[in-house]
Amino acid sequence: MSAINFTLIKQDGQARLGSLKTPHGTIDTPIFMPVGTQATVKAMTPDELKQLGAQIILGNTYHLYLRPGHELIARMGGLHEFMGWNGPILTDSGGFQVFSLGELRKITEEGVRFQSHLDGSYHMLTPEKSIEVQEALGSDIMMCFDECPPSPGDRAYVSRSLEMTTRWARRCKDAQRRDDQALFGIVQGGIFEDLRARSACELQEISFDGYALGGVSVGEEKERMLDVMNFTAPYLPVDKPRYVMGIGTPEDLVEGINAGFDMFDCVMPTRNARNGMLFTSFGRVNIKGAIYAEDRGPIDPECSCYVCRNFSRAYLRHLYRAGEILASRLNTWHNLNYYLDLMSQARKAISDGRFADFRRDFYAKRDKTC
Ligand SMILES: CNc1nc2cc3c(=O)[nH]c(N)nc3c(CCN)c2[nH]1
Ligand SMILES: [Zn+2]
């Protein structure tokens with residue numbers, strides 16, 4: 001009996017419209033998951049996330065294990081109660097973050113020994129430890145502890161790495177103690193279709209509640225990433241959720257849906273917002289630009305969000321240049337609204353059987369200054 005239940009409602013080409021029932025609520029797919037690494041989606045309150053239509057957010061095992069500690073969060077009632085978010089939460093397993101943040105890592109069959117990027121203290125993350133932390137956090141969906149091989153990894157290394165990721169996935173499933181959390185396997189295999197197929201097949205032999213595509217958006221060429229998404233999806237079960245990790249730009253999301261994926265997460269809308277890079281229906285707006293100094297218009301004339309209805313580009317440029325906290329908040333609000341609204345439009349298009357038109361119109365509008 002799984003803690004989640006995925007229903008495939010409709011398919012339009014490879015694009016899928018689905019519904020994912022979790023212990024903390026039901027998610028419409030395709031879905032974008034705002035990243036809340038340290039128990040907060042930066043600059044947004046949980047209530048604002050709900051107003052924006054966020055249905056599920058992402059937390060990070062690596063960060064929360066290091067600070068404030070998973071036992072403290074468990075004593076505070078778990079991650080949902082600790083951060084005041086009562087919707088679904090997916091937690092990443094820490095493997096990727098150890099490599100992108102930890103220092104002096106040493107990887108062995110047992111797990112990964114690393115130094116904390118916070119204070120240099122030594123730690124060991126193993127499949128069992130990752131599951132222990134994610135169970136203490138109480139997320140609705142846990143991710144298996146995996147190795148995301150360096151890109152572009154050589155074939156021999158990537159092959160050995162995926163075999164260890166499969167052995168770690170088996171250990172993660174054996175380490176599960178709670179029955180109210182789902183566990184997703186993570187497909188690795190680099191840019192090699194046969195290795196991706198092997199990884200997908202090995203994980204399905206163990207059987208998971210959903211399957212993620214890992215090892216992409218790690219510096220490879222865009223074309224390579226699109227290829228990997230398109231040739232891996234057919235090896236994944238039709239009746240389980242499919243999640244591409246760390247994706248991506250609005251274009252990547254449209255291509256990921258077109259390839260048959262259901263779930264996406266990326267720091268881009270939130271991180272870029274704090275750097276003044278705003279997403280719009282016609283492309284990107286760098287709000288720092290002098291051309292916006294006296295621009296009375298909204299970020300995006302096609303956007304109906306609170307920010308576009310109430311503030312000018314001139315004002316947002318001023319806030320950013322003045323280093324005001326409100327700059328991060330308003331820019332994040334707009335960017336998240338853009339990503340979440342894009343997903344909502346995509347779901348409607350699939351439901352109406354016109355995803356191909358949606359995808360064509362999406363590109364037709366891009367790169368038009370406004
Ligand atoms: C930004 N690009 C990116 N690629 C990823 C690959 C993995 C990956 O291969 N494994 C895991 N566990 N996480 C990944 C993440 C973090 C997702 N929040 C990635 N992010
Ligand atoms: Zn807006």
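Each residue's number is its place along the chain shown, starting with 1.
Note that Cβ sites are derived from N, Cα and C of the backbone, with glycine treated the same way.
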Per TrEMBL, the range holding region 'RNA binding', considering 10-14, 270-274, 365-369: 270-274
Per TrEMBL, ASP92, SER93, GLY94, GLY95, PHE96, ASP146, GLY215 bind substrate; matching candidate in GLN115, GLN188, GLN204: GLN188
Candidates HIS318, HIS334, the one TrEMBL lists with CYS303, CYS305, CYS308 as binding Zn(2+): HIS334
Of 22-28, 148-154, 176-182, 246-252, the range TrEMBL labels region 'RNA binding': 246-252
For the region 'RNA binding' (246-252), sequence-distant contacts whose Cβ falls under 8 Å of one of its Cβ atoms, 6 or more beyond its ends: 96, 216-218, 222, 225, 261, 264-266, 268, 279, 338-339, 342, 362-363, 366
Fewest Cβ neighbours within 10 Å, where candidates are the binding-site residues GLY94, GLY95, GLY215: GLY95
Among ASP92, SER93, ASP146, ASP265, HIS334, the recorded positions whose C-beta sits under 6 Å from ligand 1: ASP92, SER93, ASP146, ASP265
Entries of SER93, GLY95, CYS303, CYS305, CYS308, HIS334 (binding-site residues) sitting next to ligand 2, with Cβ under 6 Å as the cut-off: CYS303, CYS305, CYS308, HIS334
